[in-house]
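As given in Swiss-Prot:
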type    : residues                               : note
BINDING : 161, 162, 163, 164, 165, 166, 167, 168 : ATP binding site
């Protein structure tokens, strides 16, 4: 990225909340996105402890900047150091198991990060010639996802779900499976969510073994946080910081990465706040006029290249459940698959609570996943949809009033519903059930046998919380024997 040839320091001329105006000597104005540093005694005692990023040029000598931390304590006339480069974050194996903030500083009280390499957070998307054009699915080992809403390797997945339906557990299982089966790492970008949730996630990852506190090099995940209480500048940039960490593992270490962003809506929201602070005229519903551009710059960097892939799972908050709101609507345009978590499934104890009828995937196509996978997935969905249609009749008249065919459909649908549940490795300390990773061919075969009626004689509880179909058969034998 180009930088001003004459790197000279400036002075603060104005502070309005998180916006700081800095005046430079003539001919030394830093480029847009350049990181500047100020010593702010209002934050802590360290030198150069506040990073501000150039956002606009006002006149010939003044840069309008957005602060990445609190501006309390700044006064006019304070010296500002021009770093001559954009915000850069540490990358590589040394950041595994650590919690970083938007500028790459550790916030987990475990000492400095020993990384030798840093990368700027503002980077171009990979060239078209570097992209991997092969469309292939990303096996997660989770039956309901692999069968009905498969993830695209290097794709973007929207994760929808309210509070307490299992988003975090699903995420941790994905982190665990990617590490164990693919040797890949994961990066979690906490964008504008609650600090308590970030802290809980860190401790849950330690308990689940995803982060090894005693030997960080054995950890499988990096956490990059810009939480709700932080200024809009930090929340608008932290997703880029997390993505940069993931890009290094993809491009230099040739790994398959999983990037989790929670929550992509807060990225847009922070961008809207920054836009208003910079005095831009708002667009629809008060959002920034550059909404699609900002989203595109982030999403286009998340892709599959010849070296590796970044597959991204993004939690999406839908304001007032309005799917036409510009923020979620802009995110939808980039998604390859959606995983919808349904509270009704948690109420009947089906975990993961992924809705098999609401979740979708662009690659559930016979040309990509194969004819057998597609046919089995559609048969499963048809059976479940028929069961859903019959539920009103069952509630009013009871099962006895159904035709024989419908009774059979209901019995198979209930078995399918239970077979879509699965014990997770990261939850085994709570459930006592060892976690199961189910290979895709086993998943397809298991559901095909249920749909074809091969297991009509087995009790439905035999299919609950098992891995492959063989386990269900074994469980049925134990149930009948017991």
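Glycine is no exception: its Cβ is also placed from the backbone N, Cα and C atoms.
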Check your understanding: Which chain neighbours of the ATP site, leaving out 161, 162, 163, 164, 165, 166, 167, 168, have a Cβ atom within 8 Å of the mean position of the site's Cβ atoms?
Key -> 341, 353
Revision key, fill the gap. Taking all protein chains shown into account, the Cβ-based neighbour count within 10 Å for residue 165 (ATP binding site) is 22
Review point. When you measure from the Cβ of residue 162 (ATP binding site), how many other Cβ atoms are you left with inside 10 Å?
Key: 11
